[in-house]
Structure formats: C-alpha cells, structure tokens
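Chemist: Have a look at this one before I ask anything.
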Amino acid sequence: MAGARAALLPLLLHLGSLALAARGGEVSREQPRLADAISQQQAPSHSLVPGETHQQQWCPLEERLERLEAEVTDLRKQNRELQARVVQLESCECWGPGHTCPEGARWEPDACTACVCRDGTAHCGPQPNLPHCRGCSHNGQSYGHGETFSPDACTTCRCLAGTVQCQGPSCSELNCLESFIPPGECCPICRPGCEYEGQLHQEGSSFLSSSNPCLQCSCLRSLVRCVPVKCQPSPCLNPVPRLGHCCPVCQASGCTEGNSHRDHGQEWTTPGDPCRICQCLEGHIQCRQRECASLCPYPARPLPGTCCPVCDGCFLNGREHSSGEPVGSQDPCSSCRCTNGSVQCEPLPCPPAPCRYPGRIPGQCCPVCDGCKYQGHEYRSQETFTLQENGRCLRCVCQAGEVSCEEQDCPVTPCVRSASGPQLCSACVLNGEEFAEGIQWEPDDQPCTSCSCQDGVPVCRAVLCSPVPCQHPTQPPGACCPSCDSCTYHSLVYANGQNFTDVDSPCQTCYCEDGTVRCSLINCPFTTCAKPQNGPGQCCPKCPDCILEAQVFVDGERFPHPRDPCQECWCQEGQAHCQLRACPSAPCVHPLPGTCCKNDCTGCAFGGKEYPNGADFPHPTDPCRLCRCLSGNVQCLARRCPPLSCPQPVLTPGDCCPQCPDAPADCPQSGNMVPVRHQEHFFQPGDPCSRCLCLDGSVSCQRLTCPPAPCAHPRRDACCPSCDGCLYQGKEFASGERFPSPNVACHVCLCWEGSVKCEPRTCAPAQCPFPTREDCCPACDSCDYLGVSYLSSQEFPDPREACNLCTCLGGFVTCTRRPCEPPACSHPLIVPEHCCPTCQGCLYHGITAALGETLPDPLDPTCSLCTCEEGSMRCQKKPCPPAPCAHPSPGPCFCPVCRSCLSQGREHQDGEEFEGPEGSCERCRCLAGQVSCTRLQCPSLPCLHQVTEPGTCCPRCTGCLARGEEHPEGSSWVPADSPCSSCMCHKGIITCAQVQCVSACIWPQEGPSDCCPQCSGCEHGGRKYEPGESFQPGADPCEVCICKQKREGPPSLHCSRRQCPSLVGCPPSQLLPPGPQHCCPTCAQALSNCTEDLVGSELVPPDPCYTCQCQDLTWLCTHRACPELSCPLWERHTTPGSCCPVCKDPTQSCMHQGRWVASGEQWAVDACTSCSCVAGTVHCQTQRCRKLACSRDEVPALSPGSCCLRCLPRPASCMAFGDPHYRTFDGRLLHFQGSCSYVLAKDCHGEDFSVHVTNDDRGRRGVAWTQEVAVLLGTVAVRLLQGRTVMVDQHTVTLPFLREPLLYIELRGHTVILHAQPGLQVLWDGQSQVEVRVPSSYRGQTCGLCGNFNGFAQDDLQGPDGRLLPTEASFGNSWKVPKGLGPGRPCSAGREVDPCRAAGYRARREANARCGILKTSPFSHCHAVVPPEPFFAACVYDLCACGPGSSSDTCLCDALEAYASHCRQAGVTPVWRGPTLCVVGCPVDRGFVFDECGPPCPRTCFNRHIPLGELAAHCVRPCVPGCQCPAGLVEHEGHCISPEVCPPVLLTGD
C-alpha cells in the first residue's frame, strides 16, 4: 500500500500543477493544502501523533486527488471547445491587401495576379488569359511578368504587363574638349591633362608659361587658362630682376611705422579698416585689400567691423535675405530658398499623370498627357515617329500620353556603283579595321573618341562629357571625364569625406563631399590675454609665450624654475612669474632643512646644530641635561648618575655626577680615533644606523628604529627613508624635478617632497587623419597608415588593394588606381591577377580571345571574322562572290544578289516598274537584277500654247494660277479685292485692269455699288437684247455691251472697253497690229514663261501701261493707274514708251526729299538704285544681284559703292559703352576712365585703318564717356560727333555719303554705320556707344584698347611695345594719342577708381536694384547665350559714377542697350523698353513706329519690287533699334506711304 501510494505522488504533483495553472484565483487557497499533502507524503513514516493510523493519514489525500482529476477533465473539455472555435473562425475569413476579406472574396494585387479567399486561405495565381500578362519578348528572349533583366551592362529592363521598359545610365554632362568611356563603364569622362606650348601638364596643375614667365597658367578639365602675373610697383629704387621670374624684387630690410617695427615679410591689419592688409617688403610698407574666400555663392554683406561677406544669409538681386527665407526664382517651376549663403531650389510638386509617358508643354511646369516623353524625346499627341532598337526598326505613335509601337522593315543601306560594274555598299577602314556603313564605335587606341561611318568616310569626334553635379571634380588618370568620387582643390586631390586645411589659405578648414569642397573659416579659440599676437603664417591669434633661462613656455603653463626647483613659475601675458612652493607642515618639532622645505624628520636641528636620528647630545646650555634626537623630535632629561661602588665619590667641578676616585675605563676605537669615555653613546664607524654605549671599557650596541615616512616615494637616507627627494623605479630624483615616466610612454612625472605624480603629456589635436607620433604627440609631417609609417610626398602601394597607389601628403593619404603604361596593342586583356592590361590575349566587346584565335565579329557575327594578333583584334569582311547581273541589290552581309535591283540609290523588287533617272523621261522595269528602260509617250494636249517645265517630261497647257486658284486658258474673272477690275488668262499670262466704262445711252444711271453707269433696259439702236447677249455699240471693235439681268427690276446694259492681254516678252518688232474687227494686237512669236528663276521679278511689257510680276509660275500683269493732271487736254501729251499723259512742260522739275531736281538730272539713292527726273516725274532703276554662297567661315559683306555682296572672313566685334567699358575682340571686359584721345582699334601690321576715341569727363572727376570717334583710312579722316554729325576731311557731310571705292556712311534708325573697304564696320549711336567690327582676316593683327584679336582674352592688356601691363589703367594710358583730330583741350589720365566706394553704400544698393532688370524676364532668353554678369557689374559701376538725377537714367539705358546689342548679335532680340524705361520717340505723324530690331534694310519705294527673302539675303547691315514703317507701308522721303503712290521703278539686269 505504501508503494502504491508512493506511485501516486508524481501524478499528484502533475495534476496539482495543472490545477493551479488553470485556476489562478485559487492558488492561495489550494497551495497550502497541496503543500501540506506533499509535506505529509515526504515526512518520515513514523507518526508524530500518538494513535493516528496510516488510513487516517491518506484519506484526505485521496479526497483531494479525486477533486483534482475532476478539474483536469473539465479543463480538457474546455480546451477542445476552444480549438474547434479557432478552426471555425479561420475558415470564415482571409487577410487580404491591408484588411480582412470574407470567404469567397476576389481581389487583384496587380494587373496580372488574381487572389481568392477559400477556406480562410488566400489562393493567388497569374492570369494567363490576358494577353499582356503572358510575359514579354525582348531580343529573342522571353521574360515573365515583373521580371527584371539587363541586355547589357549599361541598361536595365523590366517586363510589366507585356511591355518592356528599359532605362539607360544617367550620365552627367561634361565640359571638356576630349572625353572617353572607360572599359567597363557606361558614362564618358574627361581625358585628363592639358597640352600647352609643346608640354604636357597634369590635370589641376598650375604652371608658368615657358615662353612668357609673366603668364600664370592652370590646367583644369583639359583646358588651359592663363592670366597675367600682376607685379606690384616696386617700393625700392633699384629692384633686382631674377632669372625665370616676372617681377623684380628688392633687397631685404625691415620697416618702421610710428613706434612699431615690422620684420620683412610680416603682415598686419590696419586699424579702422579691416579689409586693408599691410606687409613689410624690403623696408617698404605695401598695403592691399584683403581677398575674401568664396565660401558660398551668394554671401550676405560683411558684419560691421569685419571685411569679408558671411554665409549666414544671402545677398541676391540687390536684396538681403536671411537664411531660410524664400527668394525669387527665374524658373516658374521651382521654389527657391536662401540656405546659409546658397540658393537651393526644388521643383514644384506635380500630381501623378494618368498616363505612362506624359510630356511637357511650354509654359507648364508639370508633365501632362497632351504629349509624350519617350526615350528622352518630346512628341506631340498624334505625332508619328520612328526608332531603331537593337537592329529593329519601330514605328511609334503618341496618343494622349501613351506610346504604341509596331515593328517595320528597316530601309536598305544605299550602295554605289563601282567603276567595274557591280554595286558595292560603302564601308570605312580605320587603323586596319573595317566598319559597316552607319555603324558607330569607339577606337580602342582613342578611348575618348566616338567614330561613325558616313558614306564610306570615318568621322570621329571627341566624346562630350556631361556636366558633373559637383564643383571640384577629379579626373582620374586614363579617364575621359571628371567624376565626383574625390575633389581636386588647388591642384591637390582629396578623398571623399576628407577634412583638410586649405594650403593657399591656412585659415580655412575644408571638407570634400562628393566632389565639392566646402570651406569655412577656422573657429579660433578664445584668448585669455589682453594683447594676443599673430605670427607669420599663423591663422589664430594667441597669447605671447614666455622666455626664462633661454627656455620657451606657452601662455598659462605652470612649470618649475629651470635653476631653482623650489620655485614654481607660470607664464602670463608674455611674462614669467615665480614664487616659492608652499611646503607641507613637518610631522616633527625639530626637522632638518631639506632641499626646499624644512620638514626632514630623519634628524634634528636643535640649538643651531644638526643631529642624526637617535643621537644623544648634551643640552647646549645645561650640561647636566642630556638630549636625544628621535625622528625630528628632541627629548632632554636631567642626567641620571649611576650608582657608585666607592664609599666616597668625588664631584669634580664642571661635572654633573660624582665619580669614584678611580675613574672607569674608556672604550678604545679602531685606528687613531679618540677613545670613547665611560657611559658615552656613540656610533660605530661605517655603521651610522647602530647606537652603542661604552660602560667601563665595554661596548654594547643596538639597531636604531625608523619612523614611517609621510610620503609615497621617500628616498633612503643614511639609515631611514627621507621625503627630501624621491626614489622612483630605482632612481633618485630631487624634489621639484620633472622626468619622463619610466613605465608609461608619453607621461611626465613630478617629484615633490617624496611623492611622485605622473600624468599624460598634453598635445595639440592633429589636423590630419593619419598623423605619426613623434615625441609622444601626433604630427602631420608624415603618415601612419594601417600601422605603417610613410614620409610626406611618398608613394606606396595600397595595403588593401594591390592595384592602387597611395600618396602621403601632410598626414593625409589619397589612394588612386595605379597608372598603367599604355599597352602596345589595341585590345589588351585584363587578367584578374594583374593590375594593368596585357597584350597576351584580346578583350574585344566583352569577348576574350587567345593569341591567334579567330572568331566571329561580335559587332557583325554573320559577315565578319576577327583574329587576335598580339593583343589587337584584326577584323575583316567575308569575301562576297561576284553577282551575275548589272544592278544587284545588297543581300546578306551586303553581298550583291540578283533578287531585286538597285538603281539610282533605291531598291526595286523583282518585276517592279519605276521612273527612270530624273530628266530622262524613261520608264524602267526590274527583272532578276537587270534594269530595262523605255522612253515615255506624252499624251496629246487640246491647247495651242504649251510649256514643258524643267524636270518634267511632257508639256502642259499654260493655264494661269493666281493666289492659289487655277484659271483655264481664255477665261476672265473679277478679283475679290477689286470688284471694278477685270482679269483674264491668255497664254499663261494674267492681265488685270480697271474696267473702262463706255456710255451707250443719253441718260445712264449709276448705283452706289456699280462700277460703270448703266442703261435701263436692254435696247440699243432700235433692237432689244435678251439677258446674256452682247454686241458692239459703235465702230470701235474694243467696245462691247452686255445685257445683264438684275435681281430686282428690268435688265440693263453694261458697256465697257474690251481688255487686251499683255504680251510679256514680245519684242516691238514682232508686234502685229489688230486686224479688221479685232481689238487687240498679237505677237508673232511665243511669249515669255514665268519660271522658278524669275519668281519675284518684274518686267515691262510692250504696253507701258502694264507692269508684270512673276508669281506662282504665272505672269500677273496689272494696269497702272494714271494721276489726274491739272493742265487742259490740249496741253497734255504721252511720251513714247510711257503710259500716262503729262503736261507739255519738258523742263518741269521733280520734288525729291524736300528739294527740287531739274529735269534730266540723275542721282543715286543707294548703291543699288539710281533715279532721274524726266519731265517732272522721278524714274528709278534698281540693280539685281545673283545669289551668293559663302563658306562656313565666311559671311556676306558690302563693299563701299558696290550693290552686290562679296564673301569676307567672319568678323569679330569690339564695343565701348557706358563709363567707358571696353569689350575686346576676344571677349574681355575692361574699365578705363581716361579723358584723353586713345587708339581703340588699329591694324598694326598693314596700317589699313585706325579708330580713335576721344573721351570726356562731363564735369565729373575720375570718370569719362566716349565723346567722339575718329576713323583714319589712309589719307581720309572721318569724325563721328555728338548728335550723329559726321565730318569727312574736316567737312560736314549729309548721309548717306559715298566715296568710292573706300568709304560708305549711312544712318539706320538712330545708328550711324560706316562701311570701309578693308571690311571694317563702325557703329556709333551719336552719344557714347561705339562698336567696331573687323573680319577674321585681321586675326592677330590688331592692337589698341580692343586687344590683339588672337582668340586669347588673357593677354589683351598689351601695350604698344608688346608687354603685358599689370593694370587696366596703365594699359589704357599706354594707348593715348598725342594729339587728336578735334580741338585741343586739357585731359586727365585714367586711374584705378571705384565710383561705388566713393558714392557710398546707399548709392551701390540703389544701383544694384536698378541694374537688376538685366537678370529679370525681359532679358532671360538671352542669358544662355550672353552672360549678364559682366554687364550687370558695368551697369552698377556706371550708375555709381553718374550719381543721382536724370543723368543716371541715361547711364542705365546705355548699359541696357549695350547688353541688348550683344543679344541681337547672338540672335536673341529682347523686348525690354517700357513706357518709363529708355523710351525712344518716333514721328508718329509721319507714320513711323519703334521696332527693337527692325529690318536693317527697310522696304522703300526703290526696293519694294524685290522679294523679301532676296532683300534680307543681300542686306548685311546689323540689326539696330529704330523707327520703322509698319507692315503694308514703305519708306519714302522720311514718310511711311502706301506702295501704290511710289514713283515708277524700272528693272535692269545685273
């Protein structure tokens, strides 16, 4: 029973735990009972209660067990119910896309996947029934929906709903001359380095020109930029030149200023002007303005008391903006904000477009579905375009932001016929390799070049680099384009993320971040002294150091005195202050004096004497007292007399104790030392640490005891440790002594009164990431990189990358790819274990080939084979068999086949018929590569007058075409714009004239809309005519009447003279008079044809009353209206050859330009038109010019006195404007304010011309404006004066003025234009702006203020002797003319001035605001072609110089007009004038209106017959603003008139 009950125990425990876990609320009640049961079970078997049986003990346990079994059964039932409930809930719903879905619900996560909720589980699968969900096919490969793949290393594509979307690399735009794509890269980079004067220079390097040491050049992004070295004026009398240097130097000495002495080379800031820095150079003080670093693009103005602008705000467009404040943006699609001196712009947010390829519409910011943007190109909606992808040709259409494409056949490359007969397609051979027509490739030996095959000629050009998105990119060796992986700053390369100090400005700390260097001024620590100092080359001021005993100590440092360690010193304000150290109190009363303090308790100082520890000595004043030294304390006691053995002791005078008459024996000592007396204490010689006593000749000794030392490191004295010094690590040190720690490196220890204290040596933080430790402190004079030390400027292999080469430079380590020698082959192989390519194999377009291996060309695998020869792939076409036909077409591999025909560059299918060669009038047919042709048969025409047009085979009937409407031969009609005129078509010629009325009745009636009076009723001569009938009313066969039915009322007669057709081109000898009963004359030969060559021309037919013009391949002849005459009919006559009658006064003069011209007098209107007065009428003739074709580097030009143009080299322009600013031929902007006469531009080689300007200060000192211009042409002198007055050889002339063949001067708008024979043009506005244009044939031959015109702006400051001058003022003064053409007057030389500084801050601010219009929308279209910044600076300069008032408006307009003139030259015409801004008044009463860029050759009465296109082509004058006639009117004698009232103009030949 006990065993069974024992077996129940584990079950009881298990059930109890289940019950307790299930019923948390009954734990407190059941747990004691269960514990009782367990404790009872585990208790000993004997009963502790007398008389209690085992049955009585187990009964409670069995009852509890039954209760637990019932509870467990109940728990199991509840558990089963819960599990069933969970299963039921799971089968009722699913978790869908972000929410629960009921049973049976269906949803689509994407366009090609469908999901269904079944039994609580989401079952998802593809939808193959949809066509676009079955995947994609690309280049013969199949891809599933959503699959991403890369057809090549630079393209990533994705299959989405049956459409393949591919995206190429995003390459930044480059700005260098040569670029290339490195192997394995997708984007081009700039080729590093520059070539200048026959030498190669590394990218970022700075160097002096070898031919001119006064030019400082730099190589940046493969371009060389040079600026003149500015030599400061030498402060000494005899400067010494140095070989190879530009500027002479003085011999060394110091400077004295007031009470201050400066050393040579020392710099300081002058008090009161923080921007002025002075320097002592060779005994002379030179001061200059501080150059502020450009820390941000738009810094705020300097704080009061400081010099340089700060980056805590922005100064933009003349306004101050705090950081974080919004600023205006020129791009309406961007929002800009000022951020710490920079302007950051973000595009405005755009809503998502409901189409896949939305496009951009001009004027809108966000893409919309009205167009398409596909593969980087914009297309209009419904526009169709073609693409070529991977050899396939696609035809695509844009529809509301969606692009759909379908494949089509690609056009066959045209082939040419060879001399031997078969047709061959052109190919290109470059460096022994053959390339097919139209293919593009990169030469392997020129990685930065892209080539293409065009018509059999290889065309190669440098790869253009995209602009990098950083300011200081680095161009790695071997790369074409710069990258932003590191920074090149001041010719040094820094790694990304590297902090460094600017080598040129040590007060700046810089940081390289993604190719852009951001610099900020070093924050100097606060100084505690009153007068901090700046040393040479020192950035931050610091307190002066102290010098004591020839040793230097920094400010604030505490240190022991070099010669007296008992003194502690400190450095303050450059002075060393010292005092005795504070001594610790001694732990004894009578210490010995130590090295510095009296606290040595190893002995006693008592009564003016020193005693060792333990010594007994008599009291200095009481001999009967005996004293003892005990660790610095003295104990004195009365002597105790020993008991005597004798009965009668004797007291000797001077002794304290009586003695027996027989004295005890002394104690002898070794050597010759004095014996020790009885009862005397002494120390044994050589053992000062033992104390002995002599007793009647016997010696007893005992060791002295030492007290504990009150310090940590006492030194050992003769017997006991002493705190007067230190014993540390086996070495003794004096108190106050400093020494290096023997245990810990770079720690310094101090011994003070027996204790040693060690602390780390203080070091300044290193300013580099890889410093080395020298003398315990980090130093940047070398590098500690990955545990290895390297010297500065040392190159070493990268321990982490075998193919990298690292350079240590001042504690910074920069690692780049190890440069490789260029391989001697074109397709080297890159082996993984080698850093550089090798020629022991070939790598050709991603395919590796062994030496001698032949394989198909990857670019043309079907038709070309390539062989690897010593690292270079040699590719050639497979040979083609000859074709057995005469006109084969290109087949596979461009081999000729006879399946179709190639004729005239086009392919024709077999059996196809086509037109023969142009002009052959043949019809051809293609049969198996053979072409047979037959001549066309023209159909017969029903008309007599036929014409065969050039380029056509068959003739056509010469009908008439007027205003786009065809009129048949012999027809007549009324023009819509002239109801009283009548036109007729006769033999292809249209003749129009006013209806000439004839009266057929006595009382004709004329209505308001009638052209001629009508006769009511259709009755004439007693006969009545029906509507539509016509008859001849009299004997004149030219008169005819027609009966016409009116809308209302009876019919009426309309009578007029017949209109005769114009006989254009009929010679007078061939004219036939009209026969009987005929009205019009005829011509015995064919009339003239209006061909394309004659379109726009005018001819005078035999009838002088008509003028004929060739339009739409049809002669249009109109009848001339004759003016009414005031003389009676009998005084009128018609001159032979003229149309209109004139009064019989052959001497009648003509009115021309406000003056009377005698009859018969002739004059020239311009170079192309001459006029004469004939009997009171002006007759003019105009010369016509042939079309002129100039080469690319030439432009049409006009010679003085010549009508027709000639080709001259393309010109360059130089301008002087404003106060005055000079923009040279090479584009440099100069400021020079001399008020004398100067050479502006001159032919310094051939002496062809010389242009001088005379400046005037207009009453303001230090500034000037151009007053007049003088042009010298050989012996002829022309002066262009104020108000557009012109003098030639001291005589005032009227414009236009011609002196053949040298000179022609004219007035266009408000601008005087001078044309001279060498191709020179001078434009003068009559106030202060002058422009000189010379052809490029004068390149490198000019001199003067306009520069030398050599294409290099940096050397424009050359004086007459050819030397570069340091300042613009000295340059301008060197070109002073000794005596001008005008009257002599006093003048002043130019000097360097800053009118804004003199005018003050308010004037500068107002000038900035007014000149800000240059950067606003009226000029925005010009900003891309002509940068506005130089003109903005010139405008501010001028407004400060002009001062307030009305003169400032003129100065502003001069600057704005100068910029607008440059814009017009670049092809952009800004519309910038307003009602209150630079208004130009025009004589409105004479019909003129202002035009910013009107036609330079306006329409006049003398050129109105010339077509507009021909007139514009032959007008080479510059576009100038001025007053023009509006459309529909022509200019004549200073008025705008209708063309109909112009005098007659007769056309002549060339």
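Counting begins at 1 with the first residue displayed.
Just so it is clear, glycine is given a Cβ too, placed from its N, Cα and C backbone atoms.
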Chemist: Of the candidates C1236, C1244, C1525, C1536, which does Swiss-Prot name as forming a disulfide with C1387?
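Modeler: Swiss-Prot lists the disulfide between C1387 and C1236.
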Chemist: If you follow Swiss-Prot, the disulfide involving C1346 connects it to which of the following: C1207, C1214, C1482?
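Modeler: Out of the candidates C1207, C1214, C1482, the one Swiss-Prot links to C1346 is C1214.
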Chemist: Considering the residues N340, N499, which is the one that Swiss-Prot annotates as N-linked glycosylation site?
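Modeler: Per Swiss-Prot, N-linked glycosylation site applies to N340.
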Chemist: Pick from 60-92, 390-422, 1116-1148: which stretch is listed in Swiss-Prot under coiled coil?
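Modeler: Going through 60-92, 390-422, 1116-1148 one by one, Swiss-Prot flags 60-92 as coiled coil.
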Chemist: Of 31-53, 721-743, 951-973, 1020-1042, which span is tagged region 'Disordered' by Swiss-Prot?
Modeler: 31-53
Chemist: Can you name the residues of this chain that are 6 or more positions from N340 (N-linked glycosylation site) yet have a C-beta less than 8 Å from its C-beta?
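Modeler: Spatial neighbours, sequence-distant, of N340 (N-linked glycosylation site): C296, C311, D312, S323.
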Chemist: Under DSSP, the domain 'VWFC 3' (253-312) has how many residues in helix, strand and coil?
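Modeler: The composition, in the requested order, is 0 helix, 23 strand, 37 coil.
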Chemist: Which residue counts does DSSP yield for the domain 'VWFC 8' (545-602) in the helix, strand and coil classes, in that order?
Modeler: 0 helix, 23 strand, 35 coil
Chemist: Can you give me the average pLDDT across the domain 'VWFC 15' (959-1016), rounded to a whole number?
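Modeler: Mean per-residue confidence for the domain 'VWFC 15' (959-1016): 80 out of 100.
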